[in-house]
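Notes for the one structure printed next.
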């Protein structure tokens with residue numbers, strides 16, 4: 001048996017850290033959406049008990065370091081599955097970009113094997129299992145616009161966003177998320193997103209109100225280490241984006257436009273600064 005699961009990239013429309021738990025984990029409040037830039041994960045069952053991962057990018061790990069591999073092994077051991085699977089990942093999402101590519105691949109494996117192994121798990125149950133793999137996996141199980149709270153495990157779907165385009169730009173730097181989070185002090189945050197206003201903008205389908213309320217509290221930390229990220233955000237707004245922001249811990253940034261023609265011009269302009277530039281839209285449910 002075989003199936004193909006789409007694994008969309010995620011974008012942080014807002015990212016706020018409310019406080020740090022005694023175990024070192026943060027209490028998050030984020031609004032996330034998925035975009036029409038995606039990996040494709042083909043899963044084929046096999047009689048042997050092995051989990052095999054193959055990727056279209058030769059430099060990616062295909063062993064237990066790969067989150068998709070971890071997802072398959074986790075389900076297999078938890079439910080005492082005797083068979084194995086071949087997982088082939090066609091990569092399109094930039095790697096180490098703050099777009100949740102690895103987490104989305106893992107979530108796709110959870111969804112796919114839930115069907116192929118006839119486990120009958122709900123999205124909420126898959127999300128709970130996924131939290132032990134990576135904090136972005138619970139959201140990626142749903143892959144729709146949502147308010148994400150707790151340690152990343154509490155997902156509240158919000159419905160579709162108002163219509164707009166995004167120009168997504170990934171600079172040629174790699175950011176270590178643990179290093180960024182290690183430098184995060186919740187008591188020193190000054191520029192937080194206006195989450196209630198952002199939620200209202202989504203509910204009212206008001207893109208202008210929505211973008212005015214967006215922010216990412218990790219931006220100053222990442223900018224300090226990688227000033228080219230701030231430069232790219234300045235370029236996005238200079239070329240006409242209504243809002244420019246970093247996704248996750250970076251390094252990827254994105255600009256929002258309500259008009260396709262303007263977004264296309266920004267895309268063309270930014271392509272002169274970076275090799276990895278994408279013109280995308282948020283997914284509709």
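Keep in mind that glycine also has a Cβ here, set from the backbone N, Cα and C atoms.
According to Swiss-Prot, the feature active site maps to 10 (among others). Here the Cβ of residue 10 (active site) has 27 other Cβ atoms within 10 Å, regardless of which shown protein chain they belong to.
Annotated active site per Swiss-Prot: 136 (among others), in sequence order, evidence recorded as sequence analysis. The number of other Cβ atoms within 10 Å of the Cβ belonging to residue 136 (active site), over all protein chains shown, comes to 28.
Non-local contacts of residue 94 (ATP binding site) by the CB criterion (under 8 A, 6+ apart in sequence, same chain) comprise 101, 170, 252, 276. Taken from Swiss-Prot, the feature ATP binding site covers 94, 95, 96, 97, 98, 99, 100, 101, 102, 103, 104.
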Rounded Cα distance, in Å, between residue 100 (ATP binding site) and residue 136 (active site) is 7
Starting from the Cβ centroid of 94, 95, 96, 97, 98, 99, 100, 101, 102, 103, 104, the recorded ATP site, name every other residue in that chain with its Cβ within 8 Å, sequence order please. 9, 93
Cα of residue 96 (ATP binding site) to Cα of residue 10 (active site), in Å and rounded, measures 13
Under 8 Å between C-beta atoms and at least six apart in sequence, can you list the same-chain neighbours of residue 104 (ATP binding site), or say none if there are none? 7, 8, 9, 10, 34, 38, 39, 93, 136, 140, 143
Would you count the other C-beta atoms found within 10 angstroms of the C-beta of residue 102 (ATP binding site) for me? 27
